[in-house]
Amino acid sequence: MLAGKVPVGSAVPPRNTAASGSKGSKVLVVNAGSSSIKFKIFTAETLSPGAAGLFDRIGDTANCVLKASVPEDGGKPKKFEKKIPAKDHLTAMQDIMSFIDENVSSTFASEVCAVGHRIVHGLDISQPKLLTPDVISCIQDASVFAPLHNPPHLQGIYAAQKVFGPSVPQVAVFDTAFHQTMPPESYVYGLPYDMYENHKIRRYGFHGTSHKYLVEQAAAMLGKDVSQTNVITCHLGNGSSVAAVRGGQCVDTSMGMTPLEGLLMGTRCGDIDPAVVLYIQNQLGLSATETDTLLNKKSGLLGLTGSNDLRTVIEGAGKGEARSQLGLDMFVRRVRKYIGAYMAVLDGQVDAVVFSAGIGENSALVRGLICERMQALGISVDKDANAAAVGGKQADISGPGARIRTLVIPTDEELSIAQQTLQLVRGAALAA
């Protein structure tokens with residue numbers, strides 16, 4: 001543990017940021033969870049990353065901890081870890097600012113030109129938005145679909161507003177936004193239509209910030225304009241989703257009204273017959289809350305194998321454990337199924353299949369299993385290129401003569417949030 005110069009419990013008053021406005025040189029990206037705040041700093045001119053960290057266990061004052069990394073010229077980033085009692089998100093945000101003052105820049109508050117917030121659910125909002133009362137109200141309304149995410153996001157927003165004041169523009173970047181280009185036949189469920197009209201029950205999709213970033217990076221790798229790019233993006237991690245993208249716009253995605261639908265995940269069951277839910281409640285006596293916990297937190301790889309970590313599942317399969325092998329086979333089969341379905345959705349006109357996130361970026365084995373025996377669809381993988389594409393490397397792992405490219409692209413959701421935040425703030429400044 002490196003103590004650094006982190007001041008303990010030094011909550012600071014809201015800052016006078018009148019000098020910053022849109023003239024500052026830094027963008028702060030914030031991702032607030034129920035008991036945590038992740039942050040990362042980018043330079044506005046080049047979008048190069050700076051200090052980043054996680055304030056965890058907010059509210060548990062005996063165990064609150066700030067972990068951070070600060071780049072140093074010509075060397076490895078300096079690591080910090082310190083217990084700091086923070087009773088709420090505001091106190092934690094103030095302590096983060098104190099940490100930055102002490103270890104990054106004492107004038108940081110005046111250097112910030114914008115703050116970008118990651119928001120999981122924004123209903124049918126299709127673009128990043130400046131945080132106005134109406135937008136905040138929408139985030140509140142969407143909390144019914146994301147009760148574990150949106151309320152903490154709001155706490156992060158209120159904390160940042162208190163710390164920076166009204167002169168620094170704050171932007172909401174929604175995980176659901178990228179998918180709002182889907183046509184109705186993709187997002188409307190086969191329920192009575194008034195369920196959609198009156199209750200907003202529909203497919204929204206998630207991981208949109210990641211999928212948007214992957215599409216843009218894939219287009220660059222392919223040497224194509226985004227508007228001419230057709231890809232299937234696979235964000236594979238503890239939470240996983242696939243998106244079908246035509247002309248740079250999402251036309252279908254695997255997650256639904258909530259992140260529960262779609263692929264088999266670490267603790268989520270993914271696609272399931274809705275009658276199973278009724279059976280669980282009517283025949284097994286589980287309440288709605290208990291059923292929700294079962295499907296979201298006790299199912300998926302965890303429920304099948306005892307571990308939500310696919311690396312552990314792969315190790316178990318290698319030792320001949322039948323349930324680990326089943327879990328691996330089911331994970332792979334579900335991804336293959338969606339790739340095949342989205343090939344059809346895109347009329348077979350696919351430039352590339354993209355793998356990303358923890359599993360997609362780092363498991364050559366899983367990528368190979370997903371892509372094997374897909375030569376008839378135009379997909380093949382070079383064994384050596386696939387094996388080398390781990391540890392955050394961007395690579396084209398396509399086999400010789402493959403009609404459809406297979407790409408590995410490390411995702412960077414924080415960078416995408418910073419990009420979208422700057423674009424909106426600069427556009428608003430030009431329009432003023």
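Residue 1 is the first one shown; counting continues down the chain.
Glycine is no exception: its Cβ is also placed from the backbone N, Cα and C atoms.
Of all ranges given (1-22, 199-220, 243-264, 397-418), TrEMBL attaches the label region 'Disordered' to 1-22.
Between the listed recorded positions, namely Arg268, Arg311, the fewest other CB atoms within 10 angstroms of a CB are found at Arg311. Annotation for the recorded positions Lys38, Arg118, His207: lowest Cβ count within 10 Å of the residue's own Cβ, Lys38. Distance between Cα atoms for His207 (site 'Transition state stabilizer') and Asn238 (ATP binding site): 12 Å, as a whole number.
Looking only at the recorded positions Asn31, Asp175, Asn238, Arg268, Glu413, the one with its C-alpha closest to Arg118 (substrate binding site) is Asn31. Take the Cα of Asn31 (Mg(2+) binding site) and measure to each of the binding-site residues Lys38, Asp309, Arg311, Glu361: the nearest one is Lys38.
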